[in-house]
Amino acid sequence: MSEQSQLDDSTIDKLIPQIFNEMRSNLNNTTNKFPKSTGGGASDNISANSNSIRSFNSITTQSLLKESESLDKITAMIKNVTAALKNNLPVYVNQVHEVCKSTNSILDSWINIHSQAGYIHKLMSDQTYLKLINDRLHNENVNTNDEDGSTLHNVIALKKKEILDLRQKLENRKGEKDAAPAKPPNQGLNPRYGVQSGRRPVPSAGISNNGRVRKTHVPASKRPSGIPRVTNRWTKPTASSSRKMFR
């Protein structure tokens, strides 16, 4: 076992053909030892068995040799394919890169065309733009020497002037608001009544808003009544109070 473990692949590759050759030579020697006989018997059986063994071994050996030749051809083909891929891979990568660049440029052009088409559709749906175009065409028909498109330029100048005027007004409003002094907290109060101007003063007690004298509010416990009040619990009630109680 130690000797077999020490054998490497190259040694095994060299020993396999030698083993097959020895087996073939031994088979030939065994077949030559037995003479051919015309009669039946053990010699005929031995020769038949030897012939079958020799044919089987020859078929197995031939098939192994053919497989070995096929493997050698396949190995050579794989080597050729690997070499071709190594040499042509950068070229293929460059071709793929160029195809991707051209595809991206086509897509960018299509996106630009689509955006411009959408912008033109939006302009053609705007009535103001159509009116300006019609005015310009009318002006060109009337004044053939007008090369600057004065109608369109005049409209644009007017729009710019309006925008500048609005900005100036906004800045003036902001300046006035910043320059205005802050009002004190008690400004706007009437010094006589201590209330804000524009509001009616609160009337004093006993005088209503229309100038009439109001009656003072008297609690119910202090209002006069016909029933006498008993201050002492042992005081005997009078006859008049009794009659009022049982009436």
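Cβ from N, Cα, C; glycine included.
Looking at 7-35, 94-122, 152-180, the stretch flagged in Swiss-Prot as coiled coil turns out to be 152-180. Sequence-distant contacts of the coiled coil (152-180), counting only residues of its own chain at least 6 positions beyond either end whose CB sits under 8 Å from a CB of the stretch, comprise 132, 135-136.
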